[in-house]
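Quick look at what TrEMBL annotates:
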type: SIGNAL; residues: 1-22; note: signal peptide
type: TRANSMEM; residues: 654-675; note: transmembrane segment
type: DOMAIN; residues: 720-987; note: domain 'Protein kinase'
type: BINDING; residues: Leu726, Gly727, Ser728, Gly729, Ala730, Phe731, Gly732, Thr733, Val734, Lys753; note: ATP binding site
type: ACT_SITE; residues: Asp845; note: active site, proton acceptor
type: REGION; residues: 1029-1184; note: region 'Disordered'
type: COMPBIAS; residues: 1148-1161; note: compositional bias 'Pro residues'
type: REGION; residues: 1229-1260; note: region 'Disordered'
type: COMPBIAS; residues: 1238-1248; note: compositional bias 'Polar residues'
Amino acid sequence: MELAAWYRWGLLLALLPPGAAGTQVCTGTDMKLRLPASPETHLDMLRHLYQGCQVVQGNLELTHLPGNASLFFLQDIQEVQGYVLIAHSQVTQVPLQRLRIIRGTQLFQDSYALAVLDNGDQQDSATPVAGASPGGLRELQLRSLTEILKGGVLMQRNPQLCHQDTVLWTDIFHKNNRLALLQIDTNRSRACKPCSPSCSPSHCWGESSKDCQILTRTLCASGCARCKGSLPTDCCHEQCAAGCTGPKHSDCLACLHFNHSGICELHCPALVTYNTDTFESMPNPEGRYTFGASCVTTCPYNYLSTDVGSCTLVCPLNNQEVTAEDGTQRCEKCSKPCARVCYGLGMEHLREARAVTSANIQEFAGCKKIFGSLAFLPESFEGNPASNTAPLEPEQLRVFETLEEITGYLYISAWPDSLPELSVFQNLQVIRGRVLHDGAYSLTLQGLGIRWLGLRSLRELGSGLALIHRNAHLCFVHTVPWDQLFRNPHQALLHSANRPEDECVGEGLACYPLCAHGHCWGPGPTQCVNCSQFLRGQECVEECRVLQGLPREYVKDRYCLPCHPECQPQNGSVTCLGSEADQCMACAHYKDAPLCVARCPSGVKTDHSFMPIWKFPDEEGTCQPCPINCTHSCVDLDEKGCPAEQRASPVTSIIAAVVGILLVMVVGAVLGVLIRRRRQKIRKYTMRRLLQETELVEPLTPSGAMPNQAQMRILKETELRKVKVLGSGAFGTVYKGIWIPDGENVKIPVAIKVLRENTSPKANKEILDEAYVMAGVGSPYVSRLLGICLTSTVQLVTQLMPYGCLLDHVREHRGRLGSQDLLNWCVQIAKGMSYLEEVRLVHRDLAARNVLVKSPNHVKITDFGLARLLDIDETEYHADGGKVPIKWMALESILRRRFTHQSDVWSYGVTVWELMTFGAKPYDGIPAREIPDLLEKGERLPQPPICTIDVYMIMVKCWMIDSECRPRFRELVTEFSRMARDPQRFVVIQNEDLGPTSPLDSTFYRSLLEDDDMGDLVDAEEYLVPQQGFFCPDPAPGAGGTAHRRHRSSSTRSGGGELTLGLEPPEEEPPKSPLAPSEGAGSDVFESDLGMGAAKGLQSLSPHDPSPLQRYSEDPTVPLPPETDGYVAPATCSPQPEYVNQPEVRPKPPSPLEGPLPPPRSASATLEKPKTLSPKTLSPGKNGVVKDVFAFGGAVENPEYLAPRGRAAPQPHPPPAFSPAFDNLYYWDQDPSERGSLPSTFEGTPTAENPEYLGLDAPV
């Protein structure tokens, strides 16, 4: 047993590969199971490809071979980069005894690295012929194969094949081979002998003792990938493949990654190294290029070397091919935009084209080099009616007359009968063959009616074979020196079934007598490969016209080149020494210095002078300079052709004097006017200064705008206490904190936005601009600014919203929200936006994620990072850059960056759609860059399943192209208020009456209140806005005391625990700016922050009405005052100021649009309730409507949108329950050069940190 093992390992040791430098590499084929293009020469083709080859850079395909085929030329192959295919052959054995490794870089049928199919006739098994051995593969005999890195094994329909099932394939498959499929058919027509007794265990490739399988994996000790024995010391190096003879990386039988001069490495040595002493990158003398699985000093011929150290066939983007003086080719980065190149078949936009046709032939007009291939098929000249492609006309082929090089192959199987040769390619010099037809041929000419080739300029076939066969009329195939065209020993000419050579000679089709060595591409003096005498243009001649004949010529490197036309032909001597005008022996006309010219220069300007040159010829024909060198008005010439002397006319002097005097007068007048105006301005400024010192001056341009009397609190850092981080971004951090005003025993929960250290001045300016905007708003539906702290890093202090953003809220409680909640939020958002419209503030970023939930019944608009305050005379705002939410924007904002209140209406419609779909993503699955084109074509978001057509039509009106056709926010307040009085008529949710509504619990809320120091807090609005008891008498005892409501908080029990909710909002909150009041100040009052689940506790608020929540009101989000005899009683107290010393703000008179309350709807007048829809049975739709409208657990986890330019926004903290859309890109950066913006916060994501904002380059 040990003797057999030592024998096997000794055999492998003898087969160890030499260094990479001595390895013979050849190309493979790519024909799959197709019949060979030339069955007569198929075996010759394989022999030329694989004779002496050790590494096959491609696939080894052995198909359609007869039984008597000799395959001895395969015996040296040790490695195959692609796959091995043995199919449809009658040979009994394939001599691949030295094959060690199949890498599987290409796979047969995308799955198999080794495929053995249909070898042998199936009928032979049924009726064998007496005395004849049936054909077909009998044994694999792959005795050295010990590694398949990728791909499986497929063996089917091989009736004579034995021992395919005695191979332990799991030992051959690499441990990381995920495609290790094994499909082996053992049906055979003969009895197979067992493995040799020397094979232990019984695993073998054949019946001989030499065919025992060598195990290198399954017998290894633990932790070994490959080994040479079962002992722990027999492990191979980790870079070894197929086994080894020792533990070092130089003892490998094959390399797992790269072979560097017989040493297996993970990477080839880099071309450049870093010198730590000089801090410079230095060329590495040991650097190598990567070529397949080998490291080479130089790339093989026909391959391109790159700066990153690889050998490639196609240069990467923004690189161009460069040929050095020594003939090596490399890829060089373009210093400016790369020049336009011509692509052939198989490249770029012609990747799917099969042949040159009339539809694509103009792509090659004027091309000298084609990157790709050319193929002419019968369909090229027959046309294709299905694709409306006309037949290719012979005249159109003239576009190839300028072609000099093809990087791929040239395949011609059809050609016009009117062209007896391929003369359109007469200037073609190189066919590189980087891409080969069928993986083997760089030049294929078959089935043509041509009589000769006509490729008179062809000098190189860089790679691949040449196949010329079945051309019945073709001569001159044997007169071409093909060996001089080939560049490696594996190339050859394969020809068959062409016209016999004796017939060609008998017809007189022979090379021209002056063709050197009888080598030519066709008949005549222009088809010679080389000339035996001289070459004039493209024609071989016996002598040049040096001494006689016109035009006279001179000889250079056996080329006849013409003299300059101004050279005088000489008799008996040479006429010129070159083709230039200064190389003539004598001039035909005149001589100007060393040049022969047709005439002497007369008024001609030279390249180095602006003065015209005048010369005349002397008696010897030499040009002499004229005595007078005229520069202008040279009309009069003397008998020599020189300018005549001209006397100055007095008229010229008079005109010059008059012009000078007029110029002086004009300059003086201008100076006088300027001096006078300056004196007047000095007197005007002096008078204005004197008037300002003595009395006030009325404004020159009064605007009529009211002053902004908003208050800005400056808080001290000692009043603020940070509890924990809520979020952070590139420019700052947001903390949950507590505000403890000096001198007061109260704690107010706040959110503190702190700008990061060393932030740019632009970021400081932007955070102060946001503070200015937030300080000027005063609506219960708009988030307020409590103050700023001017420390070294500016801090914004805002009200803490315990329930987070509305988008996460509807997703978290999607199964517990009712129609009343959704419509109430629509009303409140519309009221907040209506207030912003009154104060001339364009929000520009309205979305559900920028609406905060203070309580389940109270939401506020926030995130003024993009908001802009319009001046008194402005109606729109034009943005100049930054990031914008592309899927929430109106079309005019996307295309023209024009933002108005009506563009906010569009965003409002998308926000309502988000609520009605419980947080679905608008235009889900559509890239943001396609949104403008989609909107222009009329497509909009679909109707949410729970919405009736009444609600959806309001959304549609918000998405009108004409901004003037969209409703105003005050109209939206009226519409949604009407719907909120009868919610189930307009929003249909299945089992709404059965399930709980208005959820009081919130994951985000619990996380805010889980700290011990957040107890006994006072809401910011309770602290800032005095209650009714402060300014007016207490209400009736039945309604509850003000002092109780001031510090009261609602609670609900869940599982025995008590959850404290936010405080009740103020009854009325006047705007911070008294000159910019909210619409319907008296209506901006809402019920307690209790949820709908606590509605029963509100019955005590009105002793006259047992169910106040079900009565109608003008604002459904506001509880009605007590009724008196069926009428609504007026409020008992006017709106109160925010501060004790603030001047009184009188309530706004009721709007004429607000009429008396409608009477209760009778049962007969109520429309029939629409059929409810089950959210779990909804069918999928486009643009964000999904099958289950409640299943949004991962709705924001899909990065299906365009990435913003520049680096991605950081995500320092993972989301607690739902990801805040940090990996979906909805926002468009209109100014990628500006990266500064505000940090990410839980109250809204500023444009710099939210990945929903997509960047767009600002226009030049």
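A Cβ is built for glycine as well, from the same backbone N, Cα and C atoms used for every other residue.
Everything TrEMBL records as a feature, shown here on the structure.
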| residue | record | DSSP class |
| --- | --- | --- |
| Leu726 | ATP binding site | strand |
| Gly732 | ATP binding site | strand |
| Asp845 | active site, proton acceptor | coil |
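Here the C-alpha separation of Leu726 (ATP binding site) and Asp845 (active site, proton acceptor) works out to 21 Å.
The number of other Cβ atoms within 10 Å of the Cβ belonging to Leu726 (ATP binding site), over all protein chains shown, comes to 23. For Ser728 (ATP binding site), the number of other Cβ atoms no farther than 10 Å from its own Cβ, over all displayed protein chains, is 20. Mean model confidence for the domain 'Protein kinase' (720-987) is a pLDDT of 87. A sphere of 10 angstroms centred on the C-beta of Gly732 (ATP binding site) encloses 27 other C-beta atoms.
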